[in-house]
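J.: Pasting in a structure now, in structure tokens, and then I'll have a few things to ask.
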Amino acid sequence: MDAIAVAQQTLTQKGYLDLEVDPTLDLFEEINRLKKEKNAIILAHYYQEPDIQDIADYIGDSLGLSREAANTDADIIVFAGVHFMAETAKMLSPQKKVLLPDLKAGCSLADSAPAPLFKKFLEKYPDHVVVSYVNCSAELKTLTDICCTSTNAVDVINSIPLDQKIIFAPDKNLGAYLIKKTGRDMVLWNGACMVHEIFSNEKITKLMLRHPHAEFIAHPECEEHILAKASYIGSTTGLLKYTQKSPAKEFIVATEAGILHQMQKASPDKVFIPAPPENNCACNECPYMRLNTLEKLYLCMKHELPEIILPDWVIQQGRVCIDRMLEISQKAGHIH
Ligand code: SF4
């Protein structure tokens, strides 16, 4: 059996094509060649490693990536991000081939809301509208009325009539932030992101004392006591834009450390310090996002595997909540 056939056999177990890559290859050149040859587009999340961000055709957060996935005329979408994002791309462009370099690039937040358990939970709240953060599985989206991202979540909640009861899933931290922001009383599912939940209050306080002129900015997936310290709270794109327009020269950033690459590129004269987590690391990286590497990206483009496949009913039902979100986002001016 040749190497590719063996790699295909172990694909489900390993999550990626376990093949040797010639170390003398210029992977940037090869990936660019494959992009042209196959009419492929690489969509990368801000939390990907810098090399992947640099070779991507589009870098963004969940909302931007969804819009790109819906609008692209490429034949193949190579999604450098995590599984639920690639699933969302497949739902928005079902006729296209969607590839993910490593199928095991999951998400602790999406995993914290398994669809069968969530379905049972919904039975207790029959008269509620379900709003889900886009960080959830395709199956969970089939149980959702309106999806949202951290960019458009406030607009999504505000679009719902005041007398309508709401369930928000799966992120309890973003949910608590939205309750505060919109004044709406929502039932929250008890899920969280492992990256945004482990920022250390104590270490951040010390860092702020050491850098008295630095602005502390945070993503709304962080816990309430961390958000309380922040002078700006926003989505990944929101944080990036904020650092460009703020007169501050130093920032302590509480979200996945991958975004610092774009912040530094956009403002080379400013200093960006990743907010430290509770563990011994100096910065906070998502272990799932980091499963994608340049080698895996190259192999998945070359062999067009692993591919995201979803049942038709999941695509049809799951897409409805994403389309509603895009419509609200457009009206609110977040996308054009
Ligand atoms: S940073 Fe958190 S929410 Fe984002 S993919 Fe990783 S685990 Fe999921």
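Just so it is clear, glycine is given a Cβ too, placed from its N, Cα and C backbone atoms.
Heads up, TrEMBL stuff is auto-annotated, nobody curated it.
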J.: Since TrEMBL lists His45, Ser62, Tyr133, Val134, Asn135, Ser150, His219, Pro220, Glu221 for iminosuccinate, which candidate among Thr72, Thr205, Thr236 does it give for that site as well?
T.: Thr236
J.: Say TrEMBL lists Cys107, Cys193 as binding [4Fe-4S] cluster: which of Cys281, Cys283, Cys286 is in the same site, per that record?
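T.: Only hit among Cys281, Cys283, Cys286 in TrEMBL's [4Fe-4S] cluster site, alongside Cys107, Cys193: Cys286.
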J.: Relative to ligand 1, which of the binding-site residues His45, Cys107, Tyr133, His219 have a Cβ found under 6 Å from one of its atoms?
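T.: Once distances to ligand 1 are taken from each Cβ, Cys107 fall under 6 Å.
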J.: Excluding near sequence neighbours, so keeping only residues 6 or more apart in the same chain, what lies with its CB under 8 A of Glu221 (iminosuccinate binding site)?
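T.: Correct list: Leu109, Ser150, Asp171, Asn173, Leu174, Ala192, Cys193, Val195, His196, Thr255.
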J.: With a radius of 8 angstroms around the mean position of the C-beta atoms of Cys107, Cys193, Cys286, what other residues of the same chain does the [4Fe-4S] cluster site pick up?
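T.: Those within range, site residues removed, are Val82, Ser108, Leu109, Ala110, Asn135, Met194, Val195, His196, Glu256, Tyr288, Met289.
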